[in-house]
Amino acid sequence: MAKGEGAESGSAAGLLPTGILQAGERPAQVKKEPKKKKQLSICNKLCYAVGGAPYQVTGCALGFFLQIYLLDVAQVNPFPASIILFVGRAWDAFTDPLVGFCISKSSWTRLGRLMPWIIFSTPLAIITYFLIWFVPDFPQGQELWYLLFYCLFETLVTCFHVPYSALTMFISTEQSERDSATAYRMTVEVLGTVLGTAIQGQIVGQANAPCLQYLNGSAVASESANRTYSITSLRETQNAYLLAAGVIASIYVICAVILTLGVREQREPYETQQAEPMSFFRGLRQVMSHGPYIKLIAGFLFTSLAFMLVEGNFALFCTYTLGFRNEFQNLLLAIMLSATFTIPIWQWFLTRFGKKTAVYVGISSAVPFLILVALMESNLIVTYVVAIAAGISVAAAFLLPWSMLPDVIDDFHLKQPHAHGTEPIFFSFYVFFTKFASGVSLGISTLSLDFAGYKTRGCSQPASVKFTLKMLVTMAPIVLILLGLLLFKLYPIDEEKRRQNKKALQALRDEASSSGYSDTDSTELASIL
């Protein structure tokens, strides 16, 4: 039974003012002890953390490889490819608040309020994910095929990820427990990006699509392309993408099963005393008027955009600007392995020095390495060093947003104690703004490549394309990071504020756990009096 359900009702006499009862009629007051807090075990935290891997594994594969897949494997022209990427991301962003609205209307079941969404969306999500990486035989309408299944998959993965993100607030009522579980989650999520990068990159990297030389605007197969055709055909490259999709889909299913078997939702004690959940639109108005939330998502909007811009163009940047056509998957792996190993370090850092300090130090550490990439000549050893160093900043960008968002929700609950069921709104709209802006940026970056003269499946690209890629991967992210850090100066929840909120919330929980009556009891008593 969920925490808080089944609390015994106290006697009506115990609620009467002492002046109403005669001295001999006063019942003995029995002080109820607050329930002992149930600590999360390491097994619980690991099962919860594993649930974050499916979103990251699939998101990493799509983020790093979908653009180059559409352009060089499916042979979609740059303009329709940019439409697919933009509309898919924009639709993905739109589905977050839509799913959040539906979740807020969901009732509690034996599995909880969030778990049914995770369970029923999983099988459909893996089918649509597989079809994204399938090249249909009909040449006409390929763009519609990719747009349809990309949007369907993003809808279904949203039905998994929004309730999973909101689950952070229901695995425990303790800030320290949630922070610890979030650190586990971020470690597994970064490990998920490593798996996505390794599986997609290494399988696909063994079957590179043959490139074409362009002479006077027309494509002709070069001698190297002819040799490539003798080793692997374009069809084999397409099959490699399908194999990678099948492996990733299997990981998705396994992680979803572990999550549903190893995690149980808990309800806040004071939430069970609320007669009726707040309406979605009223909750949305209150959430969007909460100052710390707006400042947090504004800061992370720009910093997330910076890293997503690098993610979306990194494969093309390594292939054409740096000239490492056969190394970009290994460079991605170096970044993600570095990020995985440094997540625990950032968890210790934010515990020791505070989350705002961790934001400034962690995210700003990417700037010098991006400047180095912009200024240096193509050098493989230096590029690997920069990739490993950049992974340290990527770890901070993964951990900190999800570690700080529960603090904002706690602050909101103190200021709006009767606004229950708003957690999906917080998480879904945070993801909405990030995804929508990233869709705009990715669509614009693909269009920029089109205007710069990008050659589909070209063995090399014009100097204008190489320069555009360098700007998209270095200078644009630097500007976005600096803007995001400036906005974080306005974020009001520091460590002192967090401690105050923790004490106030704990007092509220203890009072709710020890009280022996519900809202219905007090209403009936008022009518009797």
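Note that Cβ sites are derived from N, Cα and C of the backbone, with glycine treated the same way.
Just so you know, TrEMBL annotations never went through curation; they're auto-generated.
The feature transmembrane segment is assigned by TrEMBL to 46-70 (among others).
Residues or ranges marked as transmembrane segment in TrEMBL: 114-135 (among others).
Residues annotated as transmembrane segment in TrEMBL: 147-171 (among others).
Residues annotated as transmembrane segment in TrEMBL: 240-263 (among others).
Marked as transmembrane segment by TrEMBL: 292-310 (among others).
Sequence-remote contacts of a segment are chain residues at least 6 beyond its ends whose Cβ falls under 8 Å from one of its Cβ atoms, and for the transmembrane segment (330-350) they are 60, 64, 179, 183, 186-187, 190-191, 193-194, 197-198, 201-202, 205, 314-315, 318, 324, 357-358, 361-362, 383-384, 387-392, 394-396, 398-400, 403. The annotation transmembrane segment is assigned in TrEMBL to 330-350 (among others).
Feature annotation from TrEMBL assigns transmembrane segment to 357-375 (among others). For the transmembrane segment (357-375), the list of distant contacts is 299, 303, 306-307, 310, 346, 349-350, 382-383, 386, 389-390, 392-397, 400, 404, 470, 473-475, 477-478, 481-482, 484-485, 488: same-chain residues at least six beyond its ends, Cβ to Cβ under 8 Å.
Here the transmembrane segment (381-405) has long-range neighbours at 165, 168, 179, 182-183, 185-186, 189-190, 296, 300, 303-304, 307, 318, 322, 324, 331-332, 334-340, 342-343, 345-347, 350, 355, 358-359, 361-363, 365-366, 369-370, 372-373, 426-427, 430, 493, meaning same-chain residues at least 6 beyond its ends whose C-beta is under 8 angstroms from one of its own. The annotation transmembrane segment is assigned in TrEMBL to 381-405 (among others).
The transmembrane segment feature in TrEMBL is assigned to 425-447 (among others). Counting residues 6+ beyond its ends, the transmembrane segment (425-447) has Cβ neighbours under 8 Å at 67, 78-79, 81-83, 85-90, 92-94, 96-97, 99-100, 103-104, 158, 161-162, 165-166, 168, 280, 283-284, 287-288, 293, 296-297, 300-301, 304-305, 308-309, 312-313, 401, 405, 408-409, 412, 472 in the same chain.
The transmembrane segment annotation in TrEMBL covers 467-491 (among others).
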What stretch in 46-70, 114-135, 147-171, 240-263, 467-491 has the biggest tally of Cβ pairs under 8 Å against the transmembrane segment (292-310)?
-> 467-491
Range from 46-70, 147-171, 240-263, 467-491 with the greatest count of C-beta pairs under 8 A to the transmembrane segment (114-135) | 147-171
Chain residues outside the transmembrane segment (46-70) and at least six past its termini with a C-beta under 8 angstroms from it | 40, 76, 81, 84-85, 118, 122, 125, 129, 132-133, 146, 150, 153, 157, 160-161, 164, 167, 171, 181, 184-193, 195-197, 199-201, 204, 241, 244-245, 248, 251-252, 255-256, 258-259, 261-263, 308, 311-316, 319, 332, 336, 442, 446
